[in-house]
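The structure appears below as structure tokens.
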Amino acid sequence: MSAKLTDLQLLHELEPVVEKYLNRHLSMHKPWNPHDYIPWSDGKNYYALGGQDWDPDQSKLSDVAQVAMVQNLVTEDNLPSYHREIAMNMGMDGAWGQWVNRWTAEENRHGIALRDYLVVTRSVDPVELEKLRLEVVNRGFSPGQNHQGHYFAESLTDSVLYVSFQELATRISHRNTGKACNDPVADQLMAKISADENLHMIFYRDVSEAAFDLVPNQAMKSLHLILSHFQMPGFQVPEFRRKAVVIAVGGVYDPRIHLDEVVMPVLKKWRIFEREDFTGEGAKLRDELALVIKDLELACDKFEVSKQRQLDREARTGKKVSAHELHKTAGKLAMSRR
């Protein structure tokens with residue numbers, strides 16, 4: 001099928017595919033409990049209950065690990081916005097609705113587990129963490145909200161294709177964060193979360209592939225738009241750019257990882273450059289996609305140069321941005337108004 005379909009028509013056409021992949025997801029998902037991966041015996045009361053409040057010396061995580069863990073947590077915290085956006089695009093009926101609710105339930109556990117780990121292990125300032133979490137959820141994640149002016153999803157194919165890349169990127173970020181923690185408990189926790197994210201990615205990736213078979217030109221338009229303007233959902237977090245630099249320089253997630261481990265594998269799975277069913281604007285956009293990839297390659301090269309400059313500067317001056325400094329919220333948070 002190559003005729004243009006409305007979102008409602010596409011939802012109907014893809015319903016059997018969604019039901020098939022939902023059942024596959026349920027059969028592949030391995031149950032796990034977040035509380036099993038929190039070192040509760042390491043915890044102790046804070047001042048309000050007669051204990052001691054947080055001190056920076058109590059954190060056993062590196063600056064990179066602290067920044068990455070907090071960024072991952074506050075990104076997961078914005079689940080109310082993600083649920084709204086996905087529900088608006090995919091609907092709440094039938095297999096689509098069952099998937100939206102199942103996905104939301106699984107994602108909700110990730111934020112709970114990450115917050116428990118950080119607070120129990122005293123890895124970061126819990127007061128600053130709560131201020132940041134409130135701010136991030138208040139800012140939300142929605143096209144045009146708070147005059148952000150950033151692209152998200154305007155159609156069903158926009159939404160499904162975007163999360164195909166985003167879930168894979170999140171899986172890799174979580175897994176690399178676990179390794180950066182240098183703590184076997186954190187590594188196990190992040191491995192469990194990453195496994196969930198991988199199954200989410202597989203679901204969206206394969207539903208997207210079915211969309212390419214049904215409406216190749218529509219899907220190609222979405223693909224070109226997404227890769228040209230891609231941003232991780234945590235872009236609205238205060239000090240995002242500075243935190244992203246720390247995470248990238250630390251090897252958790254950088255432009256090269258994004259291109260080689262996220263973008264290219266998904267494009268290969270969808271056979272974007274081998275397909276022969278693109279016509280008109282779809283064919284033109286597919287050709288232009290090669291230029292988008294070239295731009296991503298250039299971004300990788302520029303990042304490596306910038307990374308080396310920063311490392312040289314830190315070695316020369318002995319100064320580097322600390323996680324504690326980045327997570328201080330004073331003067332950075334202004335609760336957003338709609």
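Backbone N, Cα and C define each Cβ position, glycine as well.
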Candidate from GLU13, GLU197, GLU209, GLU239 that Swiss-Prot assigns to the same Fe cation 1 site as GLU76, GLU107, HIS110: GLU197
Given Swiss-Prot lists GLU107, GLU197, HIS200 for Fe cation 2, the same-site residue among GLU135, GLU154, GLU167, GLU261: GLU167
Annotated region 'Disordered' segment (source Swiss-Prot; candidates 264-288, 314-338): 314-338
Cβ contacts of GLU197 (Fe cation 1 binding site) (under 8 Å, same chain, 6 or more positions away): GLU167, LEU168, THR170, ARG171, HIS174
Binding-site residues compared (GLU76, GLU107) - highest count of Cβ atoms within 10 Å: GLU76
Rounded Cα separation (Å) that holds between HIS110 (Fe cation 1 binding site) and HIS200 (Fe cation 2 binding site): 13
Separation of alpha carbons, HIS200 (Fe cation 2 binding site) and GLU76 (Fe cation 1 binding site) (Å): 14
Cβ contacts under 8 Å made by the compositional bias 'Basic and acidic residues' (314-328) with residues that lie 6+ beyond its boundaries: 56, 59, 61, 63-64, 66-67, 70, 124-125, 128-129, 132, 239, 242-243, 246
